[in-house]
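Student: Structure below; questions to follow.
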Amino acid sequence: MLFGKKQEITNTETTVYARAKINLTLDVTGKREDGYHTVKMVMQSVALHDEVRVTVTHGEKKPRGIVVRCNLPYLPVDERNLAYRAAELFYESTGILLETCEIHIEKRIPVAAGLAGGSADAAAVLRALASLHAAGLTDEELCAMGLKLGADVPFCLRGGTMLAEGIGEELSALPDMPHCWVVLCKPPFAVSTKEVYQAIDAVDIRQRPDTAGMLKALDRGDFAGVCRRLSNVMELVTAAKRRQIGEIKEFLAENGANGTLMSGSGPTVYGLFSDEGRAKTAAKMLGRRFADTFLTETV
Ligand code: ATP
């Protein structure tokens with residue numbers, strides 16, 4: 001008697017760190033016809049990360065498609081989640097057969113904070129799936145895919161210290177910024193990136209970031225020079241509405257930060273410290289007032 005061959009169920013899994021980014025500079029240089037602002041910014045990845053675990057299962061009788069889970073109950077886990085959309089785009093663009101792809105996001109990066117947390121998760125999913133399916137995609141191909149999900153995704157795919165131009169997708173690698181400790185503090189309100197970019201059009205920007213000077217400081221490995229040139233035009237919008245931005249910067253500076261700035265469209269403010277002990281103490285004190293305070297470092 002012949003028995004039908006039982007289909008074998010196979011599982012492959014990988015975990016990718018989705019790292020947060022901070023802006024060392026952010027300048028808005030214009031607006032394209034399609035409404036996107038063009039920017040010039042120096043971006044830096046930091047060790048603070050979400051953990052993104054991706055499991056691909058083959059051979060189930062009833063494949064389950066894309067399933068996202070997250071430790072934060074208020075984050076959507078359907079198409080509204082960038083990690084979900086990244087998986088969807090990966091399977092659509094590669095033509096690889098989607099059976100079951102489970103994504104678990106252990107979120108540590110504060111949400112809607114100017115730290116590109118969603119973009120980092122999307123980048124992590126693209127990397128994970130490219131590796132699990134041995135898709136043979138080049139970095140350029142992955143970045144082109146990532147750009148369809150968001151302007152910060154290509155940077156998140158690469159990480160390190162980069163100059164980003166265009167709408168954020170034209171990346172040039174820079175010398176690694178001198179290692180330092182970073183205290184990140186997100187005051188308890190969220191900021192809509194879209195609204196801040198809309199508001200910047202009405203602002204008279206008198207002092208722009210010295211991007212050329214920042215690039216030279218990075219070339220020299222000059223930490224003090226980097227700290228002197230931290231500058232973000234978006235502070236003009238967000239700090240004008242919320243006094244806590246200025247207060248946190250002041251607190252960090254008074255407690256040993258070598259430089260301070262708001263990241264992206266905010267509201268997260270950071271301080272750079274060459275001294276680990278001072279960074280630890282500042283983070284501890286600030287953490288008593290703002291729960292979303294983190295001690296991390298450049299990577
Ligand atoms: P950016 O600096 O790129 O604008 P951000 O740090 O300001 O990013 P995110 O944390 O990426 O903001 O979140 C922005 C919005 O995206 C939130 O309102 C959130 O609901 C939505 N979102 C979708 N997917 C995710 C995800 N995986 N992680 C965080 N937010 C997500």
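Using N, Cα and C of the backbone, Cβ positions are placed for all residues, glycine too.
As annotated in TrEMBL:
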ACT_SITE  Lys21  active site
ACT_SITE  Asp152  active site
BINDING   Pro110, Val111, Ala112, Ala113, Gly114, Leu115, Ala116, Gly117, Gly118, Ser119, Ala120  ATP binding site
DOMAIN    81-160  domain 'GHMP kinase N-terminal'
DOMAIN    214-291  domain 'GHMP kinase C-terminal'
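Provide an account of the burial state, proximal residues and distances for the features listed.
Tutor: Lys21 (active site) counts 27 other C-beta atoms within 10 Å of its own C-beta, drawing on all protein chains shown.
All protein chains shown were included, and the count of other CB atoms within 10 Å of the CB of Asp152 (active site) stands at 27.
Ala120 (ATP binding site) falls within a helical segment according to DSSP.
Mean predicted confidence for the domain 'GHMP kinase C-terminal' (214-291): the pLDDT average there is 97.
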Student: Are any of the recorded positions Lys21, Pro110, Ala116, Ala120, Asp152 near ligand 1, with a Cβ under 6 Å from it, and if so which?
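Tutor: Once distances to ligand 1 are taken from each Cβ, Ala116, Asp152 fall under 6 Å.
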Student: Can you tell which of the binding-site residues Ala112, Gly114, Ala116, Gly118, Ala120 lies nearest to Lys21 (active site) in space, using Cα positions?
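Tutor: So, of the listed binding-site residues, the one sitting closest to Lys21 (active site) is Ala116.
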Student: Across the domain 'GHMP kinase C-terminal' (214-291), what are the DSSP residue counts per state (helix, strand, coil)?
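Tutor: Going by DSSP assignments, the domain 'GHMP kinase C-terminal' (214-291) contains 46 helix, 11 strand, 21 coil.
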Student: Drop a 10 Å sphere on every Cβ of the binding-site residues Ala112, Ala116, Ala120 and tell me which sphere holds the fewest other Cβ atoms.
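Tutor: Lowest Cβ count within 10 Å among the binding-site residues (Ala112, Ala116, Ala120) is Ala112.
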